[in-house]
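Notes follow once the structure below has been shown.
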Amino acid sequence: MASFQIPVINLEVREVKDIVWEKIQEPVNQRRLILVIVSIALLLDNMLYMVIVPIIPDYLREIGSFDDGPTPPPLRDNITGKIIPVHHDHHGQDSATGILFASKAIVQLMVNPFSGGLIDKIGYDLPMMIGLTIMFFSTAVFACGSSYSVLFFARSLQGAGSAFADTAGLAMIADRFTEENERSQALGIALAFISFGCLVAPPFGGALYQFAGKEVPFLILALVCLLDGLMLLLVMKPVKEAMKQSKDVQDQVIPIWRLLMDPYIAVCAGALTMSNVALAFLEPTISLWMEDNMTTDNWKIGMVWLPAFFPHVLGVVITVKMARKYPQHQWLMAAGGLALEGFSCFIIPFCSGYKMLMLPICVICFGIALIDTALLPTLGYLVDVRYVSVYGSIYAIADISYSIAYAVGPIIAGGVVEAIGFTALNFLIAFSNLAYVPVLRKLRNIYDFKPFENEANILMQDPPNKEYQTYVMHDQKPVEGGVKNHLEYGQQYQQEQETNLDDQQYEYQQQQQGYQQGYQQDQGYQPGYQEQGGSYAPQGQPRVANPFQQQQQQQQQQQQQVQSRGPAAPANPFRQGF
């Protein structure tokens, strides 16, 4: 049976498949594809987290999980006729919504220590596939769930999937992008997708929930998760082969508790936790605060987060460019971002308009971008310099830092809002962020251990950069053809001179031989004549001894003695000097 031939390119499907598979297996394309897969996985995970912000409070009230009780009639001022707003008693809805939000982070916090160690042992591809599979099922359960208990189970299941997918994704980027600037840029792109998921998901979920129902946004995200898993199948085999080649490094795994005891890593982890405290406390509470003070439209409540995407991406770009020029000042960028978050939390409770509220939220997201983009590459750098370049446990610590904020934040936020109000909650967030800023000063000296500027970590299977030309160490000739080892070069050049000193000595001998010939012509015997029988006959004179000729004769005798002993050893092209 003849295979189908594609009309335009005149190639069979099998040939096209082989060409595409060969291109995918190239190291450069592998890294690009891995970055795309990890970015989609992080986008999906954060969209699943944030898409429920405008949906869950209204949906739980709709299915009757909470009862607001009898609504009192609106009060009117007898003089002006102005309607006085009535305080809504949510009957524990703040706390219950916060627990539902925090269930994902609590499970993720418990699974992360095990997922990080497992990733260090077996590689990155299989744990990431496990995470995507769990996230797919949790999203499907979210779409079909119609009670608080089912939604709680789906939310917790998503936390287990995130513990594998997020940690494996960040570790995979750090492992494949070993050069510091490339790693910062790749992690910056991944953080841009994280921000896109966090900030676009609320308007995405709110609009689809209001106009199409609760099931539609979750079914779309489940489809994206399935497609990302299929893309991961394309890189699983090559990545697994690479892990087998570096098995000797995998055996030197550093325990996660030992990394946590490192003071520099602990400071970075604390900063990542504090950077996410603001969003973790505000996300489950600001929607109810907006319903009481601004608007009850679900799409508007979700849309308040959308403009913050642009300053977040701007913060990522600025931090990547600044880190490339001033890597020793990344701690200062993180400190500035944390201070911006604290000042913005002071402003939020005093915002009286919908558009005014967008401004401090944008500044908060800009500060988060500064912190995350500066500290995530710093964690990989600390492991490279102080430990072994295995990244599962270190990025499990980063994921634990996020999980602590999102596990504790929603639960405490709901209780604080019910006890002392939304304004006091924002003040507590602001003071905690500003208090942690001086702690980041401990990171100011970590780049004293920075390698030489021209020294770079490369992957052995990557092709050489076209900016460089490889030369043989011996005679400075470009390497022709394929790559050879030192034994092959030794066989190729064994007939040539062994060292640069031999070349100089050989030139010296040639020069002295020419000098000797000139000496004989100039200083040699000019024939004298004696009259013998009416004719002149030449009469010889004794030749003056030439020290250079004697030296040459001695050297020739020594060479003959060496040749009589046997063949010389092969020349070593890497030996220099004597």
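Including glycine, each Cβ sits where the backbone N, Cα and C put it.
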Worksheet item: Do I256 and P410 share a side of the membrane, as Swiss-Prot has it?
Response: no
Worksheet item: the transmembrane segment (300-320) vs the transmembrane segment (388-408): three or more C-beta pairs under 8 Å (separation of 6 or more)?
Response: no
Worksheet entry | Per-state residue totals over the topological domain 'Lumenal, vesicle' (409-413) - DSSP helix, strand, coil | 5 helix, 0 strand, 0 coil
Practice prompt. Take a look at 99-119, 155-175, 264-284, 356-376, 388-408 and tell me which one has the most Cβ pairs under 8 Å to the transmembrane segment (126-146).
Written response: 155-175
Discussion item. Taking contact to mean 3 or more CB pairs closer than 8 A (sequence separation of 6 or more), are the transmembrane segment (414-434) and the transmembrane segment (331-351) in contact?
Written reply: yes
Worksheet entry | Two-stretch contact, the transmembrane segment (216-236) and the transmembrane segment (99-119), at least three Cβ pairs under 8 Å | no
